[in-house]
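In what follows, a structure is listed as structure tokens, so that the remarks can point back to it.
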Amino acid sequence: MLDILLLRKDLDSAVARLETRKKPQAFLNVEAFQSLEAERKSLQTRTEELQSKRNQLSKQIGMLMGKGEKDAAEAAKAEVGSLKTELDQSATRLEQIQGELQTMLLAVPNLPHDSVPVGADESGNVEARRWGTPKTFDFEVKDHVDVGQPLGLDFDMGVKLSGSRFTVMKGPIARLHRALAQFMIDLQTDSHGYTECYVPYAVNADSLKGTGQLPKFEGDLFAAKKGGQDGEPVPDNAALYLIPTAEVPLTNFVRDVVVAEDQLPIKLTAHSPCFRSEAGSYGRDTRGMIRQHQFDKVEMVQIVHPEKSYEALEEMTGHAEAVLQKLGLPYRVMSLCTGDMGFGAAKTYDLEVWLPAQNTYREISSVSNCEAFQARRLQARFKNAQGKNELVHTLNGSGLAVGRTLVAVLENYQNADGSVTIPEALRPYMGGQTLLKA
């Protein structure tokens, strides 16, 4: 959530920056904001006047009583009672206005950092660097579906059990998928200093509100009503949501917490399934594992000092890149433009891995600095050197999406006979195997 003081101080500048993002007209109703702010200011001024008058009358009552002027004192008491009624009405309306402003701000995305390229959509993204050279094959390249099905990828069973965009893995490919996740989590903990966490896969609305998925993106989530306890009926609003990413529970570790400055940075990682409705993705990537309702991901989260967050962004991007480098998968790093960034991000890098069957790079990781946007919703703070509470900055990134990494391994390491060479980094997790074959 944006700092309302920033909007009060320089609304025009904030709106200009918001207008560089996707669908700017949906972000902030400037006229409604200004109207509420004008009413708030007027009410606050009137409230202060009433409080001052009440205080003066209260002093007068004591003086009048001391002088024995009982009738005048009673008249002053009556006026204080009248002022209290008006003060109560003002306080009620002020609370309503604050609630309306809060609701309005919950729908407003983060402001892009000055270094973010301006663009309307993904065509405006800028390549920062690339690593590795795509392999040249001397046979017809198959996509991951054709490579993976003989090895245990079962899309028909996924449809039978759950519907479209679900996949079943069996045998050697299931083991390779597990090996990838284990390799990633070991790399992030052993080499990069993250603390491994096991998190709930269902969270409450407050958690999703804190990280920015609610209330604006409820349609992207899977909701499940909580079961009643001891035969009690279930309230309509007693919902849990399946996590769209482990970023949600990990970042919420610091909700309503004040940490000591010397505890920063806090570096957390988790391997979890992720659940997404993929609303708005009808007809896109319908073949294979690229876009699924359920997929595994190793997530990285850092909670840092505000002055260190852009340094942390570069570090985290490097941590995601390390996975691809150790697997020998060619990739490029893209700096997302203003029109392609996620709702809560101030700056984002996407890692895109080379997929030979598509002859292109596809997203496999996003790493974002949210600055204080999530922390303000979460009230996640640290005590600074002056002893004052200050909002932390939060960052999150994929390290990596396991399913898409499996896709990249199958396509980049395929052989003419249908087998798949297992990358060296994964062989310790595969019992020393060098080949995956049916």
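Cβ atoms here come from the backbone N, Cα and C positions, even for glycine.
Positions annotated as L-serine binding site by Swiss-Prot: Thr245, Ala246, Glu247, Glu299, Ser398. In three-state terms derived from DSSP, Ala246 (L-serine binding site) belongs to neither a helical nor a strand segment and is classed as coil.
Annotated ATP binding site per Swiss-Prot: Arg276, Ser277, Glu278, Glu363, Ile364, Ser365, Ser366, in sequence order, evidence recorded as sequence analysis. A 10 Å cutoff on Cβ-Cβ distances gives Ser277 (ATP binding site) a total of 17 other Cβ atoms nearby, all chains included. In this structure, Ser277 (ATP binding site) belongs to neither helix nor strand by DSSP; it is coil.
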Nearest to Thr245 (L-serine binding site) in three-dimensional space, by Cα, is which of the binding-site residues Arg276, Ser277, Glu278, Ile364, Ser365? Arg276
Around the L-serine site formed by Thr245, Ala246, Glu247, Glu299, Ser398, which additional residues qualify by having Cβ within 8 Å of the site's Cβ center? Val248, Leu250, Ala270, Ser272, Cys274, Lys297, Val298, Met300, Val301, Asn396, Gly397
Here are some binding-site residues: Ala246, Ile364. Which one has the most Cβ atoms within 10 Å of its Cβ? Ala246
Rounded to a whole number of Å, the separation of the Cα atoms of Ser277 (ATP binding site) and Ala246 (L-serine binding site) comes to 16
